[in-house]
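Some features that Swiss-Prot has for this protein:
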type    : residues                       : note
REGION  : 1-87                           : region 'Domain I, interacts with DnaA modulators'
REGION  : 87-132                         : region 'Domain II'
REGION  : 133-349                        : region 'Domain III, AAA+ region'
BINDING : Gly177, Gly179, Lys180, Thr181 : ATP binding site
REGION  : 350-473                        : region 'Domain IV, binds dsDNA'
Amino acid sequence: MADGEESISVAWQSVLDKLETDDRITPQLHGFLSLVEPKGIMAGTFYLEVPNEFTRGMIEQRSRVPLLNAIGTLDNTLAVTTFAIVVNPEIQQESLSTVGEPEPTPAPYLDVATFTVAPPAEITAPPRNGDTRLNSKYSFDNFVIGQSNRFAHAAAVAVAEAPAKAYNPLFIYGDSGLGKTHLLHAIGHYAMSLYPGIRVRYVSSEEFTNDFINSIANNRGSSFQARYRNIDILLIDDIQFLQRAVETQEAFFHTFNTLHDHNKQVVITSDLPPKHLTGFEDRMRSRFEWGLITDVQVPDLETRIAILRKKAQSEKIQVPDDILEFMASKISSNIRELEGTLIRVTAFASLNRTPVDMPLVQTVLKDLITLDDDNVIAPTDIITNTAEYFKLTVDDLYGSSRSQAVATARQIAMYLCRELTNLSLPKIGQLFGGRDHTTVMYANKKISELMKERRSIYNQVTELTSRIKQNHR
């Protein structure tokens, strides 16, 4: 080994200094490198320790060449030509203790399997469950992990286990229907299970906007500030809908700053990464980039099969593996439509008291699986077709009538908008006369259940789907 721990530390610091000016090392990679502990130099190899396999993989895969270049600039007397990374979980807690007050740079990754922390500071009031806005059906336990979402899931768990100490903010982006909202709710539930008394609030950007507008109209600005600033974790969904909403952005900007300055966690989702978000000021986008940015992608076939299997288990229904694979191979656009295929198949089997087999699946899904994934269905087409099918007007569906015929048609239209488009629940609610997202959730759940109980409802949904998709071929 080289002489003394001090010379090893000096050599490693020299390497880090070189990497500071290397454009190939992103802020996130600097975070991973900060977890490295230099252990010694032997036979031309710089031995380094990290707390987990994930950190080792990130450094070896994304930093190898810059790291070798930096090592090559060390004093010739050290004779270092390469490096080796060893995983030592025992340094996990020590590396955690070095993560202090949040800075406008990313915190390093913290291994979700071994890492423990003290509760977040200043949790002063017990939560009121109604204020969290969390959906009980979304948890880490029923989140299916695959290559398309593994990193995002690990980051979400780390944030829940160490609010404002792992990544702050955590920014998750990707197309609608791929699990971003699921992760937000799961973070909230898991954090609350770990830290009794922690204050969590989930909100969509539309709801945040409406709250802000109402606070101005009712002269209740202080109440608005208290609602969003006197919390420990803010989970905000679909931030892209704040585009060009200048005053609302200003309100969110100050909310973000207050939470971040007081060591509170912020988690944000969007359909695009920060640098591609239009209609936002640079100062806002830069704050989105302070922590960790990660994405969720379209799940691969194996993950889609696992999602269907998990859904079938949760519904307590038996579906053969070959059926699950067939459905997963035909529906690849998003998780929402994937689960919708299972609902239709099991509803048809329940109505006819028949087992789920391949002929049944092919019959049920013949119209669902023939549409090209790239052929986007507009929600207005769904609403127009639904109105025509039930011999109603579009205004009837948008309006406030509670007659059985109109209410059922409206709920079916909401269900189809949820299944066949990428719109969020609040966005669908806005389409239907500015209704709350919980109304859409209720409609989606009710129609899913009625399809299993009433053949008329099942037939109406099936015929409407066929008509809508026929028009888009």
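Cβ atoms here come from the backbone N, Cα and C positions, even for glycine.
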Set of same-chain residues at least 6 away whose C-beta sits under 8 angstroms from Lys180 (ATP binding site):
Ala152, Ile172, Tyr173, Gly174, Asp237, Thr269, Val296
Taking the region 'Domain I, interacts with DnaA modulators' (1-87) alone, what is its mean pLDDT?
82
Across all protein chains in the structure, which of the binding-site residues Gly177, Gly179 has the highest Cβ count within 10 Å?
Gly179
Other than Gly177, Gly179, Lys180, Thr181, which residues of the same chain sit close to ATP? List them in sequence order, counting a residue when its Cβ is within 8 Å of the Cβ centroid of the site.
Gly174, Ser176, Leu178, His182, Leu183, Thr269, Val296, Ile335
List the helix, strand and coil residue totals of the region 'Domain I, interacts with DnaA modulators' (1-87) as derived from DSSP.
45 helix, 18 strand, 24 coil
All-chain count of other Cβ atoms within 10 Å of Thr181 (ATP binding site):
21
